[in-house]
Amino acid sequence: MAVSGFEGFEKRLELHFFGDDPTEMDLNNLGRGLGLRRLDFDSLQQVLHAVQCTVVSAVGNLYFDSYVLSESSLFVYPDKIIIKTCGTTQLLKSVRPLIHHARHLGLSLSSVRYTRGNYIFPESQPFPHTSFKDEVVYLEDSLPNSLRFRKASVMPSKVPTHSWHVFTASTEIDLGDVFTIEICMTELDKVSAGKFFRRPSDGKNGDSAGKEMTEATAIGNINPSALICDYAFDPCGYSMNGIDGDRYSTIHVTPEDGYSYASFETVGSRHGGDDIARVLKKVAQIFRPATMSVSTTSAGRDVWGRVASALEPLGLKRRSCAADEFPSAGTVVYQTFTTRRK
């Protein structure tokens, strides 16, 4: 293990809003239901400046806007914002300005979900990410009192380097029909990780080098119907956002030996077990990690119950499975896997 290096494990924040005009927040009201998408780019840049990251590439469709960041990703829907950042970014410093900008659009915060894994280099994290306790206190102080249903929990595993930190807060308990799956992978196969290093003086920009990595690794085959916005960093590292209708997916890779890391995240319908099993297999085969954790939020058993059956034939043995209930987020199931080579 390196003494210090780039922190691959992301911090993830999801904020949901509501407004007086229901047509503003309606995904099906195409062309009119803009909601949070009315936030101008300067305002988004101000928020990202507080977090300490920038936009490197962007793409959008009728449903949402997708931004690849210098440290991970941002998604803006009419009714929600998802922002995920790695390294030593200060993600929680986005909460207050996002609430402020939304208020100017006539929108109010209805729920928050914050998740992260175990930092590889916790001593390098700046405040308020110095500990989960500090993060929770900072969130509590940043949120309006109307979000009265709150819970914070650390979900353990039998793998010492992996645990799952969750904080949720909401105005009411209302579960949607969409689940989120967050995958964290460490100790990537060296050949697989090597594909995310750029050749010296390759003459390419981040976009064209990213496209080359997407093709070389078969990442584009995870969901062939998705429009991919990809970016390769110099000398190494990779980020990708995929958009498919109103669903997103995202991948981030820190390939350096000693602290290699990759993540995959997507959303799906609660009853999409077959599709998720196929996606899990493809992700595991691309990165071939020694350790892998899979967190599902608001998924039915037909989704989270298929995780092990998808991964174990690939040589990934389930080491632990923990479940907990969160207001507005529903059931979070956290599973960890290690290879026999581990």
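Glycine too: its Cβ is placed from the backbone N, Cα and C atoms.
TrEMBL does not curate its annotations; it predicts them automatically.
Quick look at what TrEMBL lists:
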{"type": "ACT_SITE", "residues": "Ser72", "note": "active site, schiff-base intermediate with substrate"}
{"type": "ACT_SITE", "residues": "Cys86", "note": "active site, proton donor"}
{"type": "ACT_SITE", "residues": "Ser239", "note": "active site, proton acceptor"}
{"type": "ACT_SITE", "residues": "His252", "note": "active site, proton acceptor"}
{"type": "BINDING", "residues": "Phe6, Glu71, Phe233, Glu256", "note": "substrate binding site"}
{"type": "MOD_RES", "residues": "Ser72", "note": "pyruvic acid (Ser)"}
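Structure with TrEMBL features highlighted.
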residue: Phe6; record: substrate binding site; contacts (Cβ under 8 Å, 6+ apart): Cys86, Gly87, Gly237, Thr254, Glu256, Tyr259
residue: Glu71; record: substrate binding site; contacts (Cβ under 8 Å, 6+ apart): Gln52, Cys53, Thr85, Cys86, Gly87, Thr89
residue: Ser72; record: active site, schiff-base intermediate with substrate; contacts (Cβ under 8 Å, 6+ apart): Glu10, Cys53, Lys84, Thr85, Cys86, Ser239, Thr250, His252
residue: Phe233; record: substrate binding site; contacts (Cβ under 8 Å, 6+ apart): Arg198, Gly206, Ser239
Response to the item:
If you rank the recorded positions Cys86, Ser239, His252, Glu256 by how many other Cβ atoms lie within 10 Å of their Cβ, the lowest count goes to Glu256
Worksheet item: Whose Cβ lies within 8 Å of the mean position of the Cβ atoms of Phe6, Glu71, Phe233, Glu256, the substrate site, other than those residues?
Response: Gly8, Cys86, Gly87, Cys236, Gly237, Thr254
Discussion item. If the substrate binders are Phe6, Glu71, Phe233, Glu256 per the record, what's the largest distance between their Cα atoms, in Å?
Written reply: 16
